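Step one of this worksheet: look at the structure below.
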Amino acid sequence: MKTTQYVARQPDDNGFIHYPETEHQVWNTLITRQLKVIEGRACQEYLDGIEQLGLPHERIPQLDEINRVLQATTGWRVARVPALIPFQTFFELLASQQFPVATFIRTPEELDYLQEPDIFHEIFGHCPLLTNPWFAEFTHTYGKLGLKASKEERVFLARLYWMTIEFGLVETDQGKRIYGGGILSSPKETVYSLSDEPLHQAFNPLEAMRTPYRIDILQPLYFVLPDLKRLFQLAQEDIMALVHEAMRLGLHAPLFPPKQAA
């Protein structure tokens, strides 16, 4: 597992996590900026979730505040985790309808991008759609499948997650909109993903699993769902059969240059 400079903050005896004022200011900067950027770009289901969560702007929310809404809508919860967790823990949490949230926030120096998922990425990027039953069901199914999968199978499942939950787009009557949390928590990628620069491809789970990606660049290709309900339908299909077919067919050639050694 990779290492990180970030350390998740621990709760006090009452379960309350104390963040310094500088970190609340980072949250305020991020959420204020991103709420403007996603206007006319985020899908309606995500915007409905944002409204339901009622995220504070002036401070980092406590996890209990998020849990009250998620449990009332879809039965999900968020679970406090360290900055990085192993695949096994990740799948165990999703399989028990718990979404991992690392209780740290990026430094002002990494305001625009960091490789580790921080509390802003997890709560602002992902939690709004966990109020949606279709999205929540797909995420739950994904966790249960990942828990039983082999190491090799998990690599292909990870690509499916990346191309949907993290970096997915969806077709709407108003045009393409964003539902992927990796895009919705990034001002640059929110604008870029809907531009003419990247490729847009109709969603096909087999193709998504065969598509290589890099985590440190703007994505060269985005898969577009016909609607969000497609994720719920996918949860009813034999995803592991698709994994095995993807393993048999192999990966497509990458649409990006190899990462330069540090």
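Cβ from N, Cα, C; glycine included.
As the structure is a computational prediction, the values presented were derived from the model and not from experiment.
In this view, His121 (Fe cation binding site) is surrounded by 22 other Cβ atoms within 10 Å of its Cβ, with every protein chain counted. Here Swiss-Prot flags His121, His126, Glu166 as Fe cation binding site.
Same-chain neighbours of the Fe cation site beyond His121, His126, Glu166, judged by a C-beta within 8 angstroms of the site's C-beta center, are, in sequence order, Pro117, Glu122, Gly125, Ile165, Gly180, Gly181, Gly182, Leu184, Ser185.
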